[in-house]
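Student: So TrEMBL lists these for the protein:
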type	residues	note
BINDING	HIS81, HIS180	substrate binding site
BINDING	ASP99, ASP110, GLU237	divalent metal cation 1 binding site
BINDING	ASP110, HIS173, GLU206, GLU237	divalent metal cation 2 binding site
DOMAIN	15-244	domain 'Peptidase M24'
Amino acid sequence: MKNETIVILSSRELDKMRKAGRLAAELLHHLEPMVKPGVSTLQLNDEAERWTQAHGAKSAPLGYHGFPKSICTSVNEVVCHGIPNAKQILKEGDIINIDVTLIVDGYHGDTSKTFFVGTPSPTAKKLVEVTHECLCRGIAEVKPGARIGNIGAAIQEYAESEGFSVVRDFVGHGVSNIFHTAPEIPHYGTRGKGKLLRAGMVFTIEPMINLGTWEVEVLSDKWTAVTRDRKLTAQFEHTLAVTENGVEILTMLDAES
Ligand code: MF3
Ligand code: CO
Ligand code: CO
């Protein structure tokens, strides 16, 4: 990562992060009912872009290091950074991660969820449930004085205990007025290792959990990351702030748990 300094956000900046986080969560919630067989990933993208502009925000991915679309749509064996495409039509039994990042008043809200298209296979259902629980267990480690390694350790222990593997090539990241900054948050690791967390740090946790090997490959489009064995993968992401007492999830709606 270019910027090695971990910033501590002011309360004014945290307020902006709350607004961006909330709007990103609302966008995911808005897109969820569109996830049906027959819908293309480009339709999801175009609705996301329309909704984002209508709410006075900007899509952070669009043009980011040349990324061509507004959201990432990662279907089945796609680990992350799937590019929305008119020819990619969702079908019954698929799983799709939709990853949205909005810029509101200069600050970023970054969140993703994996959705079922119709009824999932028992395997897909288990993978997605375990991945969501991995995110929850990672978040539960966040408090001032804890170490970054505790987050990855909690995620890795649980994922591997369920027979799944943790992607290493992509990590959570600091996020503020910059999309990707320090610190890196690996989703594997060792308790007691890594930097100390402090109140006012803001970063994502975004575990990608694979059914088979943890190894990934990037396709010739230079973006789409797939599992090397082409088996299923799932991901959930929240943007979080370390508080004096623990953690505040900035990309969660009140109605969620
Ligand atoms: N939202 C992704 C993340 O969680 C990053 C997408 S970058 C893009 O970090 F360029 F692919 F959009
Ligand atoms: Co992220
Ligand atoms: Co994201």
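Cβ coordinates come from backbone N, Cα and C, glycine included.
Unlike curated entries, TrEMBL annotations are predicted automatically.
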Student: Using C-alpha positions only, work out which of the binding-site residues ASP99, HIS180, GLU237 is nearest to GLU206 (divalent metal cation 2 binding site).
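Tutor: Smallest Cα separation from GLU206 (divalent metal cation 2 binding site) among ASP99, HIS180, GLU237: GLU237.
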Student: Which chain neighbours of the divalent metal cation 2 site, leaving out ASP110, HIS173, GLU206, GLU237, have a Cβ atom within 8 Å of the mean position of the site's Cβ atoms?
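Tutor: These residues sit around the divalent metal cation 2 site: ASP99, THR111, SER112, GLY172, VAL175, PHE203, THR204, ILE205, HIS238, THR239.
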Student: Beyond ASP99, ASP110, GLU237, what residues of that chain have CB atoms within 8 A of the centre of the divalent metal cation 1 site's CB atoms?
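Tutor: Counting only non-site residues, the set is ALA24, CYS72, VAL100, THR101, THR111, SER112, THR204, GLU206, HIS238, THR239, THR251.
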Student: Kindly point out which of the binding-site residues HIS81, HIS173, HIS180 have a C-beta less than 6 Å from some atom of ligand 3.
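Tutor: Passing the 6 Å Cβ check against ligand 3: none.
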Student: Among the binding-site residues listed here (ASP99, ASP110, GLU237), which has the Cα closest to the Cα of HIS180 (substrate binding site)?
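Tutor: When the Cα distances are compared, ASP110 comes out closest.
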Student: Suppose we screen the binding-site residues HIS81, ASP99, HIS180 by Cβ distance to ligand 2 with a cut-off under 6 Å; which survive, in sequence order?
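Tutor: Close enough to ligand 2 is none of the binding-site residues.
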Student: Which of the three DSSP-derived classes (helix, strand, coil) applies to HIS173 (divalent metal cation 2 binding site)?
Tutor: strand
Student: What whole-number Å value do you get for the CA-CA distance of ASP99 (divalent metal cation 1 binding site) and HIS81 (substrate binding site)?
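Tutor: Distance between the two Cα atoms comes out at 8 Å.
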Student: What three-state class does DSSP give HIS180 (substrate binding site)?
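Tutor: For HIS180 (substrate binding site) - judged by DSSP and reduced to three states - the answer is coil.
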Student: Can you see whether DSSP assigns HIS81 (substrate binding site) to helix, strand or coil?
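Tutor: In the DSSP reduction, HIS81 (substrate binding site) maps to coil.
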Student: Cα distance, HIS173 (divalent metal cation 2 binding site) to HIS81 (substrate binding site), nearest Å?
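Tutor: Distance between the two Cα atoms comes out at 15 Å.
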